[in-house]
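Colleague: Structure below; questions to follow.
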Amino acid sequence: MASHHRSAAMDRAELFRTVRQATLNHARLLSHRLAARLPHILAVTLLVAVAPLVPPSSSLAGAPRALRDWARANAGLAAAACAGLAAAAYAYAASRPRPVYLVDLSGYKPGPAHEATRAQSIRHFAVAGRFTDESIAFQTRMLERAGVGEATHFPASLLTVPVDMSLRAAREESEAVVFGAVDDLLAKTGVLAQDIGVVIVNSSLFSPTPSFTALVVNRYGLRHDVVTHNLSGMGCSAGIIAIDLAKHLLQVHPDTYALVVSTENITLNAYLGNHRPMLVTNTLFRMGGAAVLLSNRRADRRRAKYQLVHTVRTHRGASGRSYGCVTQEEDDGGNVGVSLSKELMSVAGEALRTNITTLGPLVLPLSEQLRFLGAVLLRRVLRADVKPYVPDFKLALEHFCIHAGGRGVLDELERSLGLSAWHMEPSRMTLHRFGNTSSSSLWYELAYCEAKGRIRKGDRVWQIAFGSGFKCNSAVWKALRTVDDAGETNPWAAEVDRLPVHVPKVAPIAFDDDHQAPGKEDDGHHAA
């Protein structure tokens with residue numbers, strides 16, 4: 001009985017939080033719409049207030065003269081009205097958020113020397129690591145089910161025997177990625193380094209001294225008053241966090257550009273031990289990075305690709321289960337790696353539900369919002385046996401860029417959000433071609449949409465990312481023009497015509513006929 005009462009109390013508390021959040025979202029949306037129409041409201045209010053004081057005129061043509069005569073006769077009142085209107089207009093202009101435009105983006109594509117097939121990567125793990133046969137067999141099975149293709153990229157440091165996990169090698173990898181992406185971005189946009197006022201770099205697992213932002217400032221000779229922020233330890237969702245931070249900084253630093261760089265370092269974060277929860281990352285994470293140029297200059301609207309509409313950040317770190325599901329730690333042998341909990345999918349689902357509860361009222365039509373709220377009331381108040389209602393975001397958004405964290409994550413979001421294979425294609429092809437490049441995967445996905453000529457003027461793009469902590473973050477962009485970018489600097493340019501390809505749920509790895517797959521001699525004993 002006590003447990004029943006506790007469950008009922010928890011349900012009431014959850015219902016209260018859901019309704020409260022929905023109410024706050026509606027109030028916020030209403031206040032934004034009210035602010036957007038403030039000049040019209042002020043003008044109408046002034047006319048209504050002044051009209052009774054103006055003597056009636058015999059004709060419409062005489063109205064200006066009558067108004068002038070009234071103003072002369074009531075100079076104090078007219079001056080006060082004009083001053084009030086001017087003050088209100090100034091306050092509106094000062095408080096109105098500055099638009100944030102995405103001028104262009106660049107995804108780094110390593111050269112052919114960095115490519116490795118799945119068979120090559122497994123063989124290299126077997127030779128270069130200290131893995132048991134069981135661990136090699138486990139990684140083989142994971143890689144066959146991961147959705148990763150035959151030409152993903154590794155840093156040169158991990159393609160040697162023995163592997164070179166030194167600080168020097170890690171710097172070389174990160175510099176190649178960061179400089180490659182930023183060089184291409186600046187060349188495409190023609191923006192001078194001296195015009196960049198904000199620099200944000202996110203790299204979760206590698207944070208050297210001097211910082212990545214200092215590295216960028218030094219390399220490109222940025223001005224002395226540039227505002228820099230270096231984000232680390234924030235997982236695969238840090239790219240959206242960086243965009244959200246840039247959005248806020250662009251509200252207080254007028255007429256400038258913000259350079260956002262998202263990357264991850266693989267050299268220092270390969271796992272060479274035999275603890276299964278830490279082996280999965282070896283099969284997923286690959287070399288990559290992206291750079292994005294944002295602007296709050298109104299003149300850039302004509303050439304910008306997108307305008308940032310919404311960012312929504314969800315942090316579930318108050319829950320111990322959420323906090324501990326993705327952690328960097330040492331195994332019993334002192335090997336450092338990232339451990340993934342079996343509860344990861346459940347935690348991600350909870351974070352996603354919290355995130356869309358906030359995002360939904362900002363983008364969804366009212367009908368979908370009412371259906372969502374009605375389902376909550378039926379389940380929590382009336383105890384009806386109905387499934388949770390997931391709003392149809394396809395009614396408000398045309399394109400979905402979901403973090404390519406792994407096949408399981410993509411399968412679950414496709415099912416829960418009711419998305420089609422077409423909607424999932426950018427994420428699945430990014431995972432297949434580039435692997436999990438952490439926070440930069442969202443930009444490879446958007447570049448895929450551009451290379452395929454999918455983006456039309458007015459389309460809305462939803463970027464969804466998950467990260468340790470545990471976090472779920474969203475960004476919604478509106479296309480300011482039709483974007484058909486399959487140029488040679490697009491990371492997909494060389495192969496976009498051959499995509500998409502079918503990626504089976506299980507893709508056996510084709511090892512050479514002359515060699516048995518590493519660790520396969522007792523695979524039947526260890527098969528999952």
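One is the number of the first residue shown, and numbering goes on along the chain from there.
Cβ coordinates are placed from backbone N, Cα and C, and glycine is handled just like the others.
Features from TrEMBL:
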TRANSMEM  34-54  transmembrane segment
TRANSMEM  74-93  transmembrane segment
DOMAIN    93-380  domain 'FAE'
ACT_SITE  C236  active site
ACT_SITE  H315  active site
DOMAIN    398-478  domain 'Beta-ketoacyl-[acyl-carrier-protein] synthase III C-terminal'
ACT_SITE  H399  active site
ACT_SITE  H403  active site
ACT_SITE  H432  active site
ACT_SITE  N436  active site
Colleague: Could you measure between N436 (active site) and C236 (active site) for me? Cα positions, answer in whole angstrom.
Modeller: 9
Colleague: If you measure from the CA of C236 (active site) out to 10 Å, which active-site residues from the list H315, H403, H432 are inside that radius?
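Modeller: Among H315, H403, H432, the ones whose Cα sits within 10 Å of that of C236 (active site) are H403.
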Colleague: So how many other Cβ atoms are close to H315 (active site), meaning within 10 Å of its Cβ?
Modeller: 17
Colleague: Go ahead and report the DSSP secondary structure tallies for the domain 'Beta-ketoacyl-[acyl-carrier-protein] synthase III C-terminal' (398-478): helix first, then strand, then coil.
Modeller: 38 helix, 22 strand, 21 coil
Colleague: Tell me, in order along the sequence, which active-site residues from H315, H399, H403 have their CA within 10 Å of H432 (active site).
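Modeller: Candidates kept after distance check: none.
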Colleague: In the structure shown, which of the active-site residues H403, H432 has the fewest Cβ neighbours within 10 Å?
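Modeller: Each of the active-site residues H403, H432 was scored by Cβ atoms within 10 Å; lowest is H432.
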Colleague: For H403 (active site) and H315 (active site), determine the Cα separation and express it in whole Å.
Modeller: 17
Colleague: By the count of other Cβ atoms within 10 Å, pick out the sparsest of the active-site residues H399, N436.
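Modeller: With the active-site residues H399, N436, fewest surrounding Cβ atoms within 10 Å: H399.
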Colleague: Distance between H399 (active site) and H315 (active site) at the Cα atoms, whole Å?
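Modeller: Counting only the Cα atoms, the answer is 24 Å.
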Colleague: Around C236 (active site), how many other CB atoms lie within 10 A of its CB?
Modeller: 29
